[in-house]
Amino acid sequence: MKWQYQQATDAVSQNRKNLNDFEALVKANSRDMDTAWIVLCGALVFFMQAGFAMLEAGIVHPKNVTNILFKNMIDASIAAIAFWLLGYGFAFGSDSGGFIGKCGSACYFGLKDVYNGAGDGMGSSDGWEKWFFQWAFAGAAATIVAGAVCERTKLEAYFIYSVFLSTFMYPVIVHWVWGYGWLSAWGAYPDSNGVARPIFNKDTRSNGLIDFAGSGVVHMVGGFCGLVGAIIAGARRGRFGPDGSVNTLFDGNNTLQALGVFILWFGWYGFNCGSTLMISGGAANVAGKVAVNMTISAASAAITATFLAKALQGHYNISMGLNGVLAGLVGITANCAVVDPWMAFLIGFVAALILYGGHYLLLALRIDDPCDASVVHGFCGMWGIWATGIFCTDKNVQYAGYPNANEACGSGEQFGVQVVGSLVIAAWTIGMSVMLFLFIDKTIGIRVSAEVEEAGLDISEHGVAPSYEQQPQVPSRLCPRVWTFLQVH
Amino acid sequence: MKWQYQQATDAVSQNRKNLNDFEALVKANSRDMDTAWIVLCGALVFFMQAGFAMLEAGIVHPKNVTNILFKNMIDASIAAIAFWLLGYGFAFGSDSGGFIGKCGSACYFGLKDVYNGAGDGMGSSDGWEKWFFQWAFAGAAATIVAGAVCERTKLEAYFIYSVFLSTFMYPVIVHWVWGYGWLSAWGAYPDSNGVARPIFNKDTRSNGLIDFAGSGVVHMVGGFCGLVGAIIAGARRGRFGPDGSVNTLFDGNNTLQALGVFILWFGWYGFNCGSTLMISGGAANVAGKVAVNMTISAASAAITATFLAKALQGHYNISMGLNGVLAGLVGITANCAVVDPWMAFLIGFVAALILYGGHYLLLALRIDDPCDASVVHGFCGMWGIWATGIFCTDKNVQYAGYPNANEACGSGEQFGVQVVGSLVIAAWTIGMSVMLFLFIDKTIGIRVSAEVEEAGLDISEHGVAPSYEQQPQVPSRLCPRVWTFLQVH
Amino acid sequence: MRYGLCCWLSCKLTIDAGSLVFFMQAGFAMLEAGVVNSRNVINILYKNIMDASIGCVCFWLVGYGFAYGTTAGGFIGTDNFAISSIYNGAGEGGSDGWEGFFFQFAFAGTAATIVSGSVAERFKFEAYLVYSGVCTAFIYPVIVHWVWGSGFLSAWGARPDADGNARPLLSGTSTSNGVIDFAGSGVVHLVGGVSGLMGAILVGPRKGRFDSDGKPKAQRPHNTTLMALGTTILWFGWYGFNCGSTLALSGGAANVAGKVAVTTTISAAAGCLMATIISRFLEGTFDIGLALNGILAALVGITANCSVVNPWMAFLIGIISAWIYYGASKLLLKLRIDDPLDAFPIHGACGFWGLLATGIFCTDANVQYAAYPNVNDACGRGEQFAVQLIGGLVIVAWASVMSGLTFLVMKFVVGLRVSSEIEEAGLDISEHGIGAYANELTKVFPSPVSDEVTKVQVSYE
């Protein structure tokens, strides 16, 4: 009997051992799924660089196309080096007073604490893919500005701006909102058990700022920085007549614009869906919901902008429609995980109105933002943050995986938090950019000379021939031979 | 002793409990993987919109480029709203007599039964990602028609068509073939145990229509609808001379066409591989097989079309080669999971022949389909459905995960089912589109005036000068009303 | 259950990554269309579409068998032609291997398409199609077999020891690794680059590329928008190329994929910045073509070693890649070799550098992390560098001899080069029946156009 008992006990503990192995395996699989998801989504987000490049190349005058392409290419590269050496450490290193990351128990300068085997090898990742995903975001934030200051700024000025943004200005906001900063939902103030608490109330009744995929962190930063740059650089020559009239300098290349917007829309599925940061444990469901909401918001904004333009301008204005898509996407980015589809529809609708109003507001203020980057990304980004407070429900916030269970949305507190958060982000961005661009302007100068601007930046900075506009007309490309064949047979 | 026994029993049941937890965890992991897979593939399918836009912009005359880009942008948006509010409910709601989905035990109008926690949270998804994936398909079906009716139809007519197709015409066929409709392999007629049975035979000996990723459901619908539209709208002015000659109106921009085709080919891997609808339970193997088959078919069709054109026309005609890729992809779409690679090679080969024959057939019939959409998507789509019946093997059908194990392919019954199914789809599509386009023609008119067509749709409908022509004298694209307003204030 | 779960993960990654690699075809097409003269654009686009198609058929029928079939003496695979051992249920619950073929096809297409850049604007279309078939059917698969299959250079080794554990050829024991070429600096890029060089030498420079003194005339890419689009698509696709080369996700391979994404990014960025600096200070202007090629050169340089180096090494590799690209490009001009797309400097020279850099920078801990099968100290001892050097030389020898033979045979059978009149008029008119293309192209993708293009267009009218 005793022997039998021993046998049974052995079998049971063997089972438990197998069970533990199995548990480890399943956890490792979950980790691997999550990592792969982030790598793939990160690649999609990177592809948005191609979208921005095409969109902006389709808007600027042909004499400046090479210049804008160059800016788009170089800011992704600068962001990679800057974010590797410093930015990522400022954003996600050990918290220092809720303000910035530093080198403490976690040190990410030069990716120091990301190394082979940094995770425990079973349930947690080594963290390589997180840098990759965050870099793609930093690159997107940097590249937004190129559209606002194009056709008149010095390339060297853009280098300086680009280094500063991805080294310091952007990472600090990331730390505040997505790291353990003072605005973060994961919070800077641990309670006695070490559980993080958001700054507002410092207990679980408050959420901190909810910015799921970066309406504020990425788009507002890029958009407001672009706005400041556009103001300090001043309008392009001839954009505004002495009598206050507005001149269209170039009609734009709609094919490139449309291509750019489609690529951006495509990459945005990586941007927003990937911001679940994992797919295991039900996060994949959230990713699905995010995809639905952002599709509906983009569609709603595109349709609204289209018919608004038709009603007010008398034409189906494709630039407005394309920018409508982007406005809808920017607007839903903060809240894609915490709203329902019908709310997404409304968010897109309002985003299109803001786009329309913002476009004419800038013109009325004589601010020259050729790509409307500050409207699409800045204003609609701010709307996205506010819309989160207006439309979020506490149930949805739980579903999206936010850590504290409370009724901040229902009680309206969340809206207050969102407004405060958006103002803080705007203040930081505007303050830093004013300093930055004024510094550049006083030292090397932000703007190219009038002759260079007139001749186009491609010649002066890139040494390439002027644009195609002197090309001879070619009436038809019909090849007689083929058609002769067809007409004979 | 008894106490020991109790302890052992407890340990065993504890193990069993743990085991159940793990089983649930593994199931949840599978669910999460499936969901993530569908989201990624859906994004790829959406990217095909960019491919269609570039392809079509590369074919139409520059004076109509903005118009075709606009159509591509707006039909994806209209499809999103229409499919959200109604279409998805018609397609996948509770079956009503095998014909259409309705609001029953499952109600998907306005995504009613897709909500946080709709699945059981452990083994099944909430269903968000399914809508996203299906929307991307609906957008693809809608956008095909734009290529067939381009350069001469009113934008408003296109809006009406687009709403109707994605609200009703397309979802009904989805219900028939992929939902629980009367043609579906999952069948409308449950037996006494509630197991679904296809309509033919109503027992497991029959499969229903096999259309894995939509040669029929998506491409035939788009293609035949485009054919009807092209006939009712009539040929472009000057396309056919009075003596029956065929004139090339514009030779096309091959860079854009090639870019479009590459993007489409890329997105098609999401279209077909994602149609496994999951990745767990061996479905990943099927996805791998699908990728192999469709690659071989596309390659075979491209090579065939190339050398056919060289032999018959004396030139390597790139348009024919590019359309060959698409023809091969459309042809393999229905059957990519149920054929072997050598069959895929033959399917692509025949698709290229059909493309070639169809192209000249349309010209001989004086039907003007500028992008050959009805040939590539309609005719080759029908070939895809038939090829499924010709080449499928019962073993392959099992491997692809179809529910009934039988010998329908071996006995040839499947071929009959495929022929019947394709005729039904063609009849529905043609019938509905004739009604739709005639209705549009009798009310608002389907065709722009001769003057507008001559001048190009970009000027009249979008207020922009013919694309890419330099217009130094064009002062502004904006309506005077707004400008007066702005300048006064 | 266990194996199944891993399989689903791995298949998923492989298919996703394969699609990304395939999308690089679009990148190559756009890049090359942007660089070549506008009267040859259709020709280069068509070559890109055809080498994907021909590559697929040839690789399916024979290439994949040569690459991954049962080895014959470590030299070549001998079975699995027309993927006969891939069928439903081949894996008995594991992966059936369909996705493996798909992923490898995407690589084969890449290797073939590189050559089209070297021989652009003067090569006969038929000759290119034949080369493309030979490359994907034989030249490329054999090298794949050597390095990634069970061939004599492979880290998985051709020589089993008594226990059946595969051993690499060099040293024949687990103390050696074989050639480490994680994602194909050598296997894919070096092969494409060297073949392209042979093609460029044998077909000769384009008319007017060098003046009578042998001085190169300035070449301006006619369309920078297309080049930028193509390069960004390539960079995007490269994440599939390198990350997907883990070939699995489970068992920690996803971590390696994450690391690969990081090192790839840092190297590309470093290459771009270095090329920009070179351009500014040696050429006097911010030349976008140089900077874009710097990205590609750095991506090629990191491809072999993306999994076995640390980020700071990736940074150095990217910087050096830009210099190697620049130097090789100048060298070709000195030697009067006309390579319109700089395919050899980018893919050949930097591909070789990638192999060497693996030997220089690899650490044994990193090699283990990247899941190479033998635990040893080959990197620490410096043996690995010798292995990489030998491997690189073997690849260069094979690729240059085989592609040289192919081109020579074709030269005497069908001829390599189009007639002087056709070259003058552009290949689009003669081979594709379409001409006067430039105006439309430059309107859609606004960009500087060289005077030469304008002149040609005028002469058509």
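Using the three backbone atoms N, Cα and C, a Cβ is placed for every residue, glycine included.
Caution: TrEMBL annotation is automatic and unverified by curators.
Range with TrEMBL annotation transmembrane segment, chosen from C:261-282, C:349-370, is C:261-282. C:224-241 is the stretch from C:127-148, C:182-203, C:224-241, C:261-282, C:294-326 with the greatest number of Cβ pairs below 8 Å to the transmembrane segment (C:20-37). For the transmembrane segment (C:182-203), the list of distant contacts is 107, 110-115, 117-119, 122-123, 131, 135, 139-140, 143-144, 147-148, 241-242, 245, 260, 300-308, 337-339, 343-355, 358, 370, 391-392, 395-396, 399-400, 403-404, 407-408, 411, 416-417: same-chain residues at least six beyond its ends, Cβ to Cβ under 8 Å.
On the 0 to 100 pLDDT scale, the domain 'Ammonium transporter AmtB-like' (C:18-437) averages 89 in this prediction. Long-range contacts of the transmembrane segment (C:127-148) within its own chain (CB-CB distance under 8 A, at least 6 residues past either end) are made by residues 47, 50-51, 54-55, 58-59, 61-69, 71, 74-77, 104, 107-109, 111-112, 115-116, 119, 154, 178-179, 181, 186-188, 191, 195, 199, 391, 394-395, 398-399, 402-403, 406-407, 410, 414-416. Sequence-distant neighbours of the transmembrane segment (C:49-67) (same chain, 6+ residues past either end, Cβ-Cβ under 8 Å): 22, 25, 29, 76-83, 101, 104-105, 108-109, 112-113, 116, 128-129, 132-133, 135-138, 140-142, 144-145, 148-149. For the transmembrane segment (C:101-120), the residues of the chain that approach it from at least six positions outside its boundaries are 14-15, 17-19, 21-22, 24-25, 28, 31-32, 35-36, 40, 43-44, 47-48, 51-52, 54-56, 59-60, 63-64, 67-68, 83, 86, 128, 131-132, 135-136, 140-141, 144, 184, 187-189, 191-193, 195-197, 199-200, 203, 240-241, 244, 247, 339-344, 347, 403, judged by C-beta separation under 8 angstroms.
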